[in-house]
Amino acid sequence: MWKLLPAAGPAGGEPYRLLTGVEYVVGRKNCAILIENDQSISRNHAVLTANFSVTNLSQTDEIPVLTLKDNSKYGTFVNEEKMQNGFSRTLKSGDGITFGVFGSKFRIEYEPLVACSSCLDVSGKTALNQAILQLGGFTVNNWTEECTHLVMVSVKVTIKTICALICGRPIVKPEYFTEFLKAVESKKQPPQIESFYPPLDEPSIGSKNVDLSGRQERKQIFKGKTFIFLNAKQHKKLSSAVVFGGGEARLITEENEEEHNFFLAPGTCVVDTGITNSQTLIPDCQKKWIQSIMDMLQRQGLRPIPEAEIGLAVIFMTTKNYCDPQGHPSTGLKTTTPGPSLSQGVSVDEKLMPSAPVNTTTYVADTESEQADTWDLSERPKEIKVSKMEQKFRMLSQDAPTVKESCKTSSNNNSMVSNTLAKMRIPNYQLSPTKLPSINKSKDRASQQQQTNSIRNYFQPSTKKRERDEENQEMSSCKSARIETSCSLLEQTQPATPSLWKNKEQHLSENEPVDTNSDNNLFTDTDLKSIVKNSASKSHAAEKLRSNKKREMDDVAIEDEVLEQLFKDTKPELEIDVKVQKQEEDVNVRKRPRMDIETNDTFSDEAVPESSKISQENEIGKKRELKEDSLWSAKEISNNDKLQDDSEMLPKKLLLTEFRSLVIKNSTSRNPSGINDDYGQLKNFKKFKKVTYPGAGKLPHIIGGSDLIAHHARKNTELEEWLRQEMEVQNQHAKEESLADDLFRYNPYLKRRR
């Protein structure tokens, strides 16, 4: 801002502040700069104008250009040098100007005005820029040593606030410059800056009495201290505040790493990077290096300095409670603050050890990631021995819902067979963290837990279908648990199980460690396919029979649903093509499809027990019954087909009935002889025709359109004039006749009053 200060002579009084874009006339009457007691001053002696010569108003090294134009009679002198009349000259700060010859001397000075705004909205910045521009100043976004004011609506602990306090610059509201501009335009005293201090809005400080005025103590607040920054972003943000406060700021990285004694030197403050904060993006290698430095400081009884302590040390003008590595951390601090603000949150977080990451998702082998009810806070081994898996599977089978004692042994054998089958096909297990029911709980609670676990594990939403190898593939514990549970539930739904299945189970349970490459395997793939076919057909038949009866208990219904889903899941995994054959039984009509049961089982020449022979005979009897039923159903189907073929034939001779209206018709409207009644052997032929109605052949004659002519009521002026004249003539004759009658009327019989 340019100012014209009176130095000596008649021109005394207050200085004149010059706004940009305004012409100030110097004279003795009716002008902006008035010099009265000098006879050598002309009425329009000279003109002062201040304007910006650059378009970029953010360049603080450029100031408005002040020009002086002489229009006087006795002359104007700049630094005792007379100007030419009618010419302009550029003035500099400190130049002396003399108007006239009687010693009216002035001095030109430029007062810098560079305002830095913080936490202002768009409208506030626009109004501030306009006011500062008229006052001849600049507005900048980043704090520098040239800044003279910090403009804020409310004081928050930011980097700009810290730098302004250290440099001793005032913090004012935006309204200060608006009022200042009004005072200059009205030639009044500028407003008091103390009345425009913004309020303190910082939760970490609270209602403490804080002096935010320019204090000399803050200029050397960090003298003798060296702040070590381990992050380049922090160094760029906070180094200027440390340097303004008389301290030294250094950036230490892995490339230029110093010795450990450097970090332990007195007066050295290591700034906390806040690696525990999830918002800071730091590479893992750099995190390890930073963590090693933090551990070294802890071993020596030192602590890192949070970012917020730098700002609080400047505000309270002390480094005893703040920025002291050997002192205790003060309450109400936060280790790091995102962005330029140092006060966007207030919480105590001084622990340097990174907390264990909380994984809210657990990954099950060969499945998609899903939400789990528990947190996985520790690493678990990926491979576990087969013996441990067997124990867990047996525990699951023991905790299953209670069945009759006769079925318990078969369910245990089924679990053994499923385990050995998993061993033959899958050499390695991948254990995933799943929920196991407790053994010590009651049986009812265990059954509910297993049902809920089976539903959660088996009815999972999957977005992808993965291709699986036929031979070399890994099976998770969930899949093996599915096989075991399916076999156990099969035993529950099958009261009469073939003894061949039990014999094979017992034989395999005795010889569990079976090699996949051995040629003497008793449990081959063909056996597995045939057995699972029989079990699947029987299980589905049992389910259909249950659906016809009344609903039993809720637990049995849940088991049936789980069993049905298990068979759907085990089909692609074990590569077994189960052909489900449905059997429907009704009271009146029995219809069964043809069933071809072929068992190509190859067994060894070992002795078969009597129980197995009896079961084989029962199966042969069942096959015969099924064949007879299939023949009976085939006969019924053939008879039904014949009836359907006969019913498809339509009647040939029909009586055609027509409904006629009682209206006289033209002879040409309808020709009944033209109707063809002989349609041959056509099926579904339309043997009717729409009945005509009167007027169907042609449109009725409607009066309209061109038949109608619009009637326009035109006035005949000649006829009207003639009629008017005739009326006037008749009226005139009537008047004349009435006058004549009055003259010659004589009434001899007068009525006299008595």
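Glycine too: its Cβ is placed from the backbone N, Cα and C atoms.
According to Swiss-Prot, the domain 'BRCT 1' annotation covers 105-181. For the domain 'BRCT 1' (105-181), the DSSP counts in helix, strand and coil order read 30 helix, 20 strand, 27 coil.
In this model, the region 'Mediates interaction with SP100' (111-328) carries an average pLDDT of 86. For 111-328, the entry in Swiss-Prot reads region 'Mediates interaction with SP100'.
Here Swiss-Prot flags 221-402 as region 'Interaction with MTOR, MAPKAP1 and RICTOR'.
Positions annotated as domain 'BRCT 2' by Swiss-Prot, on the basis of a curator's inference: 224-315.
According to Swiss-Prot, the region 'Disordered' annotation covers 326-346 (among others).
The compositional bias 'Polar residues' annotation in Swiss-Prot covers 328-346 (among others).
Here Swiss-Prot flags 396-415 (among others) as region 'Disordered'.
The feature region 'Disordered' is assigned by Swiss-Prot to 430-478 (among others).
According to Swiss-Prot, the feature compositional bias 'Polar residues' maps to 430-440 (among others).
Annotation source Swiss-Prot lists compositional bias 'Polar residues' at 447-462 (among others).
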Secondary structure content of the domain 'BRCT 2' (224-315), with strand meaning DSSP E or B:
42 helix, 13 strand, 37 coil
